[in-house]
Amino acid sequence: MSSCFCSKSQETEKRGAVSEDQLVISDDSTHPANLICELCKVFYNNGWVTGTGGGISIREGSKIYIAPSGVQKERMVPDNMFVMDLESENYLRTPLTLKPSACTPLFLSAYKMRDAGACIHTHSQAAVMVTLLYDKVFEISSIEQIKAIPKVTEKGNLMYSDRLVIPIIENTEREEDLTDSLQQAIEEYPGTTAVLVRRHGIYVWGETVWKAKVYNEAIDYLLELALKMHQLGIPTVKQN
């Protein structure tokens, strides 16, 4: 007669499988796994994450949710998500058929060095083009949209007449090899909420996913504006 009881190891495996799914399946539209899918579609429609490029991660307490590598952003579903414990950097959930995002160590840098709540990586054409025109930093001032960007080192946002400074780091053959340069830029520019990568794109983070989204949109607007100003011979930093 066959037994109706499972071994302890089998029970553990079943419980683990269920708990892994519970990490990403929710009817709550604000759940990180659902938000990542929603935002990936928005970024795809904006032309920022074509051809599976780019990435996004959202932090919820000690857990971080990360969009996978190799999945078309407009087709992303919650079941595609990786989930990691921030402190141990161990995966709590790994989709069997997908690869972790190569952006993960850079996301971790934003979480641990800036206590970010979310980090966005896009391949925005404006971001790429600006890095071909500027050397070590991108600078712009006296544009109203600058007021959407935080001061970071003190309370409040930048003012109209303030100068926005975003460091530019050199690209590498592999995404994860950008980690040291990004960390160095974060240390050297404590007031920045973004880092540009030459001929590649941009990383933007914020206290919450919504703030990161606002910063990303505002910065991309400013980058596009800077390109048009350059074409017309207008300095991006207003001269007194």
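Cβ atoms are placed via backbone N, Cα and C, with glycine included.
The structure displayed is predicted, hence computed values, not measured ones.
What Swiss-Prot lists as substrate binding site is C103, and the listing cites sequence analysis. DSSP assigns C103 (substrate binding site) to coil, not to a helix or a strand. Residues within less than 8 Å, Cβ to Cβ, of C103 (substrate binding site) and separated from it by at least 6 positions along the same chain comprise G55, S57, I66, C119, H121, E175, Y203.
Annotation source Swiss-Prot lists Zn(2+) binding site at H121, H123, H200. The C-beta environment of H123 (Zn(2+) binding site), restricted to residues of the same chain at least 6 apart in sequence and closer than 8 Å, consists of W48, V49, T50, G53, G54, H200, G201.
E144 (active site, proton donor/acceptor) has a Cβ environment of 7 other Cβ atoms inside 10 Å. Swiss-Prot lists E144 with the feature active site, proton donor/acceptor.
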Lowest local Cβ density among H121, H200, which the record lists as binding-site residues, within 10 Å: H200
Shell of the Zn(2+) site beyond H121, H123, H200, same chain only (C-beta within 8 angstroms of their C-beta centre): G53, G54, T122, S124, A127, V128, V197, G201, I202, Y203
